[in-house]
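Remarks on the structure that follows.
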Amino acid sequence: MAVSAFKMLGFFIGFFLMEGLVSSAKFDELFQPSWAQDHFAYEGELLRLKLDSYSGAGFQSKSKYMFGKVTVQIKLVEGDSAGTVTAFYMSSEGTNHNEFDFEFLGNTTGEPYLVQTNVYVNGVGNREQRLSLWFDPTKDFHSYSIFWNQRQVVFLVDDTPIRLHTNMENKGIPFPRDQAMGVYSSIWNADDWATQGGRVKTDWSHAPFVASYKGFEINACECPASITADDNAKKCSSSGEKRYWWDEPTLSELNVHQNHELKWVKANHMIYDYCSDTARFPATPLECLHHRH
């Protein structure tokens, strides 16, 4: 079996330029609470976020990044989690922001969690896909990652690609490669839409709803706020003798094994794909005509 290129991350970092890279498994070195700090609980390397009828909670990275890989291990809300959403995402700021979303949609006891992904480019989203998972994400920790370079954005679950968004600027399709992004996570109540289209509401008698986190890793190019977007793009791109691991040719596209994994996920676990939703999009979105995503 071929080894995932993303599993070679440690190898590449050992041999290519480290300047500007950040890597850690400690929450407080990389992140800070962004709201409802009283809904955080720390147990050594373990972090728990709590949702109750008063508030959810969220955290964000202390820095912004351009290109690389971010990962967190999450154990999702156990039991009846209907109406709740736990999110892990990257986003830039402003009206024309870029964003890569994992949203974990809670469900009634015994029904599967759904994972919704979305990609925003220049402020435009509406690129939702929904998947079931091949395991129960409430029973143990699993890793959720976003890999990003100038050629592709890859969403990964336990290093298995579940979504690919490729650069097709040559087809006139914008690609997110010019804005530094923060890394975020949160848990909140979204019972107006999250579970079975909003038909199943949050049962607060089961509160608090708790999502658990560990294994925080950011292997990416850190972008100081004092540097312009153009300068950050130059700083975080390989040129001459300056070589970053995410620009290696082996990471410009999925390898054969990864393509097989992605096809397996789509064939067995895809529940919704915006590209196939002719009610929402009578005209097929341009990127759906030209590339896998």
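Quick reminder: no glycine exception, Cβ is built from N, Cα and C everywhere.
Whatever TrEMBL says is automated annotation, not expert-curated.
The signal peptide annotation in TrEMBL covers 1-24.
Sequence annotations record features per position, and here TrEMBL assigns domain 'GH16' to 16-213.
Residues or ranges marked as active site, nucleophile in TrEMBL: Glu99. Just so you know, the Cβ of Glu99 (active site, nucleophile) picks up 18 other Cβ atoms within 10 Å once every protein chain is counted.
Residues annotated as active site, proton donor in TrEMBL: Glu103.
The N-linked glycosylation site feature in TrEMBL is assigned to Asn107. Here the Cβ of Asn107 (N-linked glycosylation site) has 21 other Cβ atoms within 10 Å, regardless of which shown protein chain they belong to.
Under a cutoff of 8 A between CB atoms, and with a sequence separation of 6+ in the same chain, the neighbours of Glu103 (active site, proton donor) are Val85, Thr86, Ala87, Tyr89, Val115, Gln116, Thr117, Asn118.
Confidence in the domain 'GH16' (16-213), given as mean pLDDT, stands at 92.
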